[in-house]
Amino acid sequence: MQILLIHSDFIEYETKKSTPVAEKIDDDLKKGRMEEVLAVFVAVEKSDEDKPEYAASQTVAEIKKVTEQVKTNRVMLYPYAHLSSSLSSPKTAIETLKKIEELLKEAQFEVKRAPFGWYKSFTIKCKGHPLSELSRTIRIGEEKCVMVLKEKEKEEVVSEALKSEAKATSYWHILTPEGELLKPEEFDFKGHDNLKKFVNYEIHKSRAVDKIPPHVELMRRLELADYEPGSDSGNMRFYPKGRLMKSLIENYVLEETAKMGAMEVETPLMYDMNHPTLKKYLDRFPARQYSIEADKKQLFLRFAACFGQFLMNHDMTISYRNLPLRMVELTRYSFRKEQSGELVGLRRLRAFTMPDMHSLCKDMDEAVEQFNEQYNMCINVLSKIGINLSDFEVAIRFTRDFYEENRDFIVGLVKTVNKPVLIELWDQRFFYFVLKFEFNYIDAMDKASALSTVQIDVENAERYGIKYIDSTGAEKRPFILHCSPSGAIERCIYALLEKANMNSEKGIVPMFPVWLSPTQVRVIPVAGKHMEYAKKVAGELNGRVDIDDREETVGKKIRDAGKEWIPYVAVVGDEEINSGNITVTVRSESLPNKPSNIKMSVGELNERISKEISDFPFKRHPLAVKLTERPRFV
RNA sequence: GCCGUCGUGGCUUAGCUCGGUAAAGCGGCUGAUUCGUAAUCAGCAGAUCAAGGGUUCAAAUCCCUUCGACGGCUCCA
């Protein structure tokens, strides 16, 4: 049995023409309409033929569940053969449909049934809320819901978490730094445009813009990253400049976690799907996996570093003196087989790089304290990457129990960012965590993407058998914090590109932070005879320096340097050779089409650059110093 | 995954309605220019028009299928 449930403002149908298998009907059934209704499209299948009554009763049970969630008692049954490629006989189908109708009527539902075996026209207005479109497969002898992948004729096991999410009821609020907990409709969003967009995105899932994402064009034009047609969708190629930026951010984040005391480890990319512990965890994690078969094993590609680290924790001997114990891994890659329609440029990928840190804490007090410390670290990390407090919106999500016990702490988190945040509250714990936050970047299309996140996990220490010995010698379960200080590195680059594009539209010249700029200084000799001097200057300059040795006009070279968002462009010609200075175009001080030129010494420029990059990792330029020696990637 | 739009040299696009020799700019190469702050001039090379199938005397153009990108839906620890 396949059913598709659509919570609708209305559905109406009209019979057009009978088919050979049509049931005989009275004229009054040739048209039908219901309002505020759950439309149930049904395909009775071959596998139902053994026990049609069982199939009918299971279907009714599913319908009841959904009607309770969407709060209606009106049902329109609509035979819909297209849901299945393995249909039952028409006779069984009609019987089963009638049985469903009968059972629903017994349960006090207001039911109508569209006739079987007719060509019908129908109009339906779907309500469009998160639960308004659901599908179910009902199989005899199986309690579990499974989704059927038609193209593979293979059943995909959908994790329990994916399902439980549909059942979770969320209560949305806005929490202000003053500690006021307001319903979204009570909150005055004036001056909080991005928060409004974020709330709208989270709760109503509605957007009104249709533009192509600017970062997709930029990632190619700047030769950072590109699609790889030879791979699966959502698996990108990174050109030298993109790889450089990724590498710098990766190293930076790792360094910040190391400062906190995190130990860097490395764990496998693929795991046995039938490992008893992992199997249970898969069920609690709402992600779809890539799976591969090797020898006789079913393996899946990791979607985070949790697996490897928890398995490692399981085998470790840990004393209370070792806590909080932090481990970090930079996952290159984490794999998530997101739905194809969801993939966009660098925003949503199927293979991405993510720092994943886990902290074992002795009790909830320590977990909360660590949570707070990591919350602050995340703010700092993002701002150093170039994404400031004003660029992202905060969501804090927790269970009601956690909130009751930690009200002041939650308000404290809001005070830290000093702006209202979105709160999602659950009556029960549907997930493995009791508290989490995310920092969400809001782009020009009003889409929200999570960057940093921390969660307090109360489940996995038990599941993985992770324990520590407390001061009395007793074994105890730690609480585990999951933390990704920056979120996916690719997503950080997406946010930087989108931000730069937004700036550009506001009349601000777009650029990356200097420490992340692939070329930090470009030296431009005015004519061929200045080349030797240009090389000398380049040799004396700090940072990633290159030389535009092409035979182009100065104007053209300046413009091209601008197109690459190079922070400092030093022109050298007769004047500079005579004065010993260089003339520097400073991007951060330039206006569109109005470069800002400052005469300074090489030493002065070095000092300026040092100030901007000294706190960060440094890597040499991956490309040849002379532009004429560089290939083009796009 | 579903619905819709799109896919033409390396890049950006014209041509597609109404079938008949694929056009341009940028980039590349060659030559001239040796140049002072956001595009120097000229020439040359470069395209089985996403892939596969169909209709036709003839397909970039019409039809079908597949793949990919984007938008919407769904989803998003």
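Each position is counted from 1, following the chain as shown.
A Cβ is built for glycine as well, from the same backbone N, Cα and C atoms used for every other residue.
Annotated features in TrEMBL:
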BINDING   A:Cys306, A:His358, A:His482  Zn(2+) binding site
DOMAIN    A:210-510  domain 'Aminoacyl-transfer RNA synthetases class-II family profile'
Other same-chain residues whose Cβ falls within 8 Å of the Cβ centroid of A:Cys306, A:His358, A:His482, the recorded Zn(2+) site, in sequence order: A:Ala304, A:Ala305, A:Gln309, A:Phe310, A:Asp356, A:Met357, A:Gln455, A:Asp457, A:Asn460, A:Ile480, A:Leu481, A:Cys483
Integer mean pLDDT for the domain 'Aminoacyl-transfer RNA synthetases class-II family profile' (A:210-510): 93
Binding-site residues compared (A:His358, A:His482) - the one with the fewest other Cβ atoms within 10 Å: A:His482
Assigned element (helix, strand, coil) containing A:His358 (Zn(2+) binding site), judged by DSSP: strand
A:Cys306 (Zn(2+) binding site) CB neighbourhood, other CB atoms within 10 A: 24
For A:His482 (Zn(2+) binding site): DSSP state (helix, strand, coil): strand
